[in-house]
Amino acid sequence: MTAQVLVLYFAKSAELTSVREEVVAVPTSVSSQDLWTLLLQRHPRLSAVQGQVVLAVRQQYVDICDQLVALGDGDEVAVVPPLSGG
Amino acid sequence: MTAQVLVLYFAKSAELTSVREEVVAVPTSVSSQDLWTLLLQRHPRLSAVQGQVVLAVRQQYVDICDQLVALGDGDEVAVVPPLSGG
Amino acid sequence: MSEEPRDVFKLSRDWLSVQEVVDAVSSSTCGAISVFIGTTREDEVEGRKVVGLEYEAYELMAQSEFTRLCAEVRARWPTVTHVCVHHRLGWVKVGEASVAMAISSPHRHDSQQAIQHSISRLKASIPIWKKEVYDTEEASWKENAECSWSSSSREK
Amino acid sequence: MSEEPRDVFKLSRDWLSVQEVVDAVSSSTCGAISVFIGTTREDEVEGRKVVGLEYEAYELMAQSEFTRLCAEVRARWPTVTHVCVHHRLGWVKVGEASVAMAISSPHRHDSQQAIQHSISRLKASIPIWKKEVYDTEEASWKENAECSWSSSSREK
């Protein structure tokens, strides 16, 4: 089963992918690690921030690890480099 | 030896004396306790704040106690009720 | 004398008005307003002069993380009345304010403690990023030490 | 990048401008400005409603005590750059600011700690007094708990 999710890239990750957002087909149940690997395959330059980012799924932070994430059509996934607001 | 000092009254002490300032002849060397007693004699209503005020001599706080204070003509002495700025 | 608590968050491409942030938290039940303003210092990094910052945000999530931050602050300091944050987006020249936060409470200790905590939490959890831009036209993305996945945190 | 430290103290019969207090401490070497604003709460005391406050000061000594306070703060937090206090005199309606203080420093922890300390010291040592005025036209002089010769301190 796959879902069409909207992937958002911010800060350095957006510079590396050269896109700010795109629709990507992903498994409906996937570990955050496998989700990241899938994005890396689309954008090999993201390897520059490997180990330095987290994801956000439906606007909730998710560490890149074995944790399973459930995804549905239209869900928002973001690549989140270290924050620097303030 | 006496000096002519300018005595300032603030807040509740000014309400009790009904004057904001006055020139008073005082000994050139006097304990702060005796200085207070002298002001009390001029303004018996100040007894209402007895034990609740300090003095300021040349803009420095002085507790009412046995400490000797040196005074010269034109020096400023103030009766200082508990502060409530801010 | 009770008043509905206000949590006001605004991302803005314009100059920040401190007065507006203060007015957003003022209340007849509050004796204290604590404010924090963060600005960019004039700085040289390896011989390059910082001329300004370029900010971006995950806007919807920034709003939801702010709501979460306010709930956490209110749980810890129940007397906190109103909270307001204005944060810049886009280009911010050196010397201009990037963030202004105000918190009101009946007595001063609560708003003072809450604002210190809230600024740290903002830097740790609100999805906003800045890039330092130098006079050489080079730029580099900054990382808050407060952010748990920043390189300074990872080294710990 | 060094800058002469500024200690600005103003007693004012007019409405306080937060922006003016902030501008007085801003500096291109400072990333942080902490601000505290004290206002009068709407309050009832024994069934009487507070309508405002009447402030008075020993003006010259207030200035010299402020200078002393700044020296003490700078000794403890050497990175404190500028300090500004505007304090009202005369009649202040409920809800209006009575005092606004701002402190700038390169990094935020110094200005945040310094402002908490400075507000306590201001209440303890700067010769300013306020009288609470009620809707019954009665009034009473207030005493700061921070003042060492206030009745709450004497009870300790």
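Here the Cβ of each residue, glycine as well, is placed from N, Cα and C on the backbone.
Straight from TrEMBL, the features:
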| type | residues | note |
| --- | --- | --- |
| BINDING | C:His107, C:Arg108, C:Lys123, C:Lys130, C:Lys131, C:Glu132 | substrate binding site |
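Chain D lies within reach of C:Arg108, taking the binding-site residues C:Arg108, C:Lys123, C:Lys130 and requiring a CB-CB distance under 8 A. Its Cβ placed at the centre, C:Arg108 (substrate binding site) has 22 other Cβ atoms within 10 Å. Proximity to chain A, defined as a CB-CB distance below 8 A, holds for C:Lys123 out of the binding-site residues C:His107, C:Arg108, C:Lys123, C:Glu132. With a cut-off of 8 Å between CB atoms and residues at least 6 apart in sequence, the same chain places C:Leu53, C:Glu54, C:Tyr55, C:Ser98, C:Trp141, C:Lys142 near C:Lys130 (substrate binding site), listed in sequence order. Neighbour density at the Cβ, taken as the number of other Cβ atoms within 10 Å, is lowest among the binding-site residues C:His107, C:Lys123, C:Lys131 for C:His107. Around C:Glu132 (substrate binding site), a 10 Å sphere centred on its CB holds 20 further CB atoms from the protein chains shown.
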